[in-house]
Amino acid sequence: MLSSHTIFAPATGYGRTAVAVVRISGPQAGHALSALIRAPLPPARRLSLRTLREPSTGDLLDQALVAWLPGPGTATGEDMAELHLHGGPAVRAAVLRSLGGIPGLAPAEPGAFTRRAFLNGRMDLTAVEGLADLIDAETEAQRRQALRQLDGALGRKVEGWRAALLDVLAGTEAALDFADEGDVDDEALTGAGRAAAGEVRDAIRAALADGRRGERLRDGFTVVLAGAPNAGKSTLLNALARRDVAIVSEIPGTTRDAIEVRCDLGGLPVLLVDTAGLRESADAIEAEGVARSRRRMDQADLVLWLREPGGVAPPPLAVPVLTVATKADLSAEPVDGVAISARTGAGLDTLLTEIEHFAQAALGTGDALVTRERQRLALERCLHHLDRVAVLGAGLPAELVAEDLRLAVRALGEVAGRVGVEEMLDRLFASFCIGK
C-alpha cells in the first residue's frame, strides 16, 4: 500500500554530530534528491559524493554523501533517498528547510517510516513491537529479547500456525461446498483437519505457558520495599540506586507516593519501588499512601520486608517475600533473611545477589515468544476457538466448526497485525521518535 505523499526527517539525533543522516521516503524521493543535487540520480544503492544546493535559488547547502534507493526493496518498501550531511545544526536545518520547500514533501511524524514499512509488508506487527522494545531496551536481556522479536521469532511462528489453520479451514469449507456431490470424504478430512488444528493448539498452549516471562522482562522485575515507618526503606532505595532519589527523615510517614527506580542487575531489568510505611493513620493523605503501598505489594514480583531490630514480621502475602533486617550495625540480633546496614554498606552486595536470584528464577533463561499483553490475549482467543474445535468438533455442525476456525485464524491475524489493530497502531507509532 504505497503512500501518495513523500516524507522526510533526520535519522540521527539533534545537536552537533560528525554526520547527520536525513531520510526521504515516498514517490517524490527521487525527484527531491535530483532537485538537491541539480543532476540526474546517482547509481542506485551506492553512496556518491554530491554538492547539495537549494532547489529554487541554487545556493550551496553542503557537500554530502547521498544514496538513491529505489523501491520496493527498501526499509519502507517505497522509493527512498538518504543524505549523509556534515553534522552541524545549521547545515541540517538548511537542508530540512529546502526539502520542506519542494512540492509534495512533508516532515515525517513520529514512527512514520516504520508505519510505512508495516503497511507495505516489510515488517509485521510483532517486528514493529520488537523495534519499539529495542529502542527502549535498558538491559542486555531486554536487548536480546527485542532483537528476537525484530528478527521475526514470534512472527514466523504465527504465520506458520495461521497457514496450517487456513489449510484446515479450506478443507472444511470444501466439505461444506461439495457435501451434496459425494466426492469428498468427510471423515478423512475431519480427522486430518482435527489433527492439524490440534498441533497448532498444542504449540500455542506451550508458548503461553511461559510464566509471562516476556512481558515481565519488558516491564522489569518489580521489587517493592515495604515495612513499618522509619524501617529504612528510603535509605535502602538510595543506597541501591547509588543516588538520592528518596527523602530520608526521622519523621514517620515522610514517604507518601511510591518512588520508582530502574536498575540493571546482571543484565536483567529490575524496578525498585519505595512505598509508604505501613501503619494505621488518621491523616487522610498518609492513609491513601498506605493503601497504595498494600496494592503495590500485591502486584510485586518480590517484596523486601524491611524491619528494624525488634520490628514486626511481614503480613501474609501471595508473592515471594525476603526479610531484610536493617540497621545491622546497631544490633547483633539473628535474622531470618538478609542483614544490612545502609549506613556502612554491609550486606548490600548479599542483598543484590538475592534479588538477582529471584529475578533469574522468575524471568527464566529460555527465550519467550510472547512479549506483550496484546499478543497474549490474541493467542488466548485463538486457543479458545481451537479448544472448541477439539472438544466439540465431533458434535458440532460443520458450519460452526468452520466459524471457530475462521475466528482462530482472525485471532492469529491480529497478532501479526493483519486485522483489527488500527487504533493500537496509532498509539504504538506515536511512541517512536521522528525519523523512525
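Here the Cβ of each residue, glycine as well, is placed from N, Cα and C on the backbone.
Record features (TrEMBL):
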BINDING   ARG23, GLU82, ARG122, LYS436  (6S)-5-formyl-5,6,7,8-tetrahydrofolate binding site
BINDING   230-235, 249-255, 274-277, 341-343  GTP binding site
BINDING   ASN230, SER249, ILE251, THR254  K(+) binding site
BINDING   SER234, THR255  Mg(2+) binding site
DOMAIN    220-360  domain 'TrmE-type G'
Site with most surrounding Cβ atoms, counting all protein chains shown within 10 Å, from the binding-site residues ARG122, LYS233: LYS233
Where SER234 (Mg(2+) binding site) falls in three-state DSSP terms: helix
Binding-site residues (ASN230, SER234), the one with most neighbouring Cβ atoms at 10 Å: SER234
Three-state secondary structure, which DSSP defines for ARG23 ((6S)-5-formyl-5,6,7,8-tetrahydrofolate binding site): strand
Integer Cα-Cα distance in angstrom, ALA276 (GTP binding site) to GLU82 ((6S)-5-formyl-5,6,7,8-tetrahydrofolate binding site): 53
For ALA342 (GTP binding site), the three-state class that DSSP assigns: coil
Nearest of the binding-site residues (ARG23, GLU82, ARG122, LYS436) to LYS233 (GTP binding site) - Cα to Cα: LYS436
Nearest-integer angstrom distance between the alpha carbons (Cα) of ARG23 ((6S)-5-formyl-5,6,7,8-tetrahydrofolate binding site) and ALA342 (GTP binding site): 51
Other CB atoms, at most 10 A from the CB of ARG23 ((6S)-5-formyl-5,6,7,8-tetrahydrofolate binding site): 24
Max CA-CA distance, Å, over listed (6S)-5-formyl-5,6,7,8-tetrahydrofolate-binding residues ARG23, GLU82, ARG122, LYS436: 18
